[in-house]
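Asks: Take a look at what TrEMBL says about it:
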{"type": "DOMAIN", "residues": "144-176", "note": "domain 'SWIM-type'"}
{"type": "REGION", "residues": "220-251", "note": "region 'Disordered'"}
{"type": "COMPBIAS", "residues": "225-234", "note": "compositional bias 'Basic residues'"}
{"type": "REGION", "residues": "282-331", "note": "region 'Disordered'"}
{"type": "COMPBIAS", "residues": "282-301", "note": "compositional bias 'Low complexity'"}
{"type": "COMPBIAS", "residues": "322-331", "note": "compositional bias 'Basic residues'"}
């Protein structure tokens, strides 16, 4: 959690404070993070041009999961599968945006709404020329400078993402301005339409290809390697392996939340309320079964049923007649 706070720091002062907290807890972790250039893992060194503050490579992993089957094929077949996938995806995106009525894209709208709600925790003071001084209403001494004309905030999140941060939202709320005017054009519907206006045209299959005078290029001789085929990518040295204690991310330091009673500190398996309810239900079922058995016992008395099985009778085996043998005396 402490490393993630340092990674999400958007300005250098916040990053330095988070790194000092890590140093106090684990000097080795601090030294390891300091060896990696901050521009690869922390937002405070990200460039403004991409207009994105993503820290993970989920986009690459999603695309990699789509081409799992295609990448096992030869090069031409693999490229053909990727082309067909992109052709379908572009067509679907081009059709889905037609019925969208709003001006800002849906996922960005959700982020803007979250920032708008956080903006209520800040107090904005207008100083002139579209500049504001924003201070916290929670009692701490945090202050930031916002320039709505330049779409800038001293926390750098406004410049990194391309939509107003919580500090800029407090200024927009104070002046009753339209949020859409301060969202970058890359998040607008018309930009999305322009991105997918181009068409990946269909192609004919090999049955319509023209023959050449050259010999066909055949694939190399296939040699089946020993063992199971490898489907997972090669991991770098600092990534956790699939065996040993580093096979999964540790949950140390994370607070559990029960999905049954929604309380913190335990999970559904060890929930005391769930155990109590299960014990009560089990006791009620046992009582109901005991009452049902008592009712059956207090009813009509059973009379022994006569034995309907007939007595076994012994039957003597019939004597078998032996055939008469012909005499062997000669006449």
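Backbone N, Cα and C atoms are what each Cβ position is placed from, and that goes for glycine too.
Note: TrEMBL annotation is automatic and uncurated.
Give me the lay of the land around each of these features.
Replies: Through the fold, the domain 'SWIM-type' (144-176) approaches residues 10-11, 43-44, 46, 48, 51-53, 108, 111-112, 115-116, 118-124, 126, 129-134, 182-184, 186-187 of its own chain, all at least 6 residues removed from its boundaries and within a Cβ separation under 8 Å.
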Asks: Per-residue pLDDT averaged over the domain 'SWIM-type' (144-176) comes to what?
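Replies: A mean pLDDT of 95 is what the model gives the domain 'SWIM-type' (144-176).
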Asks: Just give the helix, strand and coil counts over the compositional bias 'Basic residues' (225-234), going by DSSP.
Replies: 0 helix, 0 strand, 10 coil
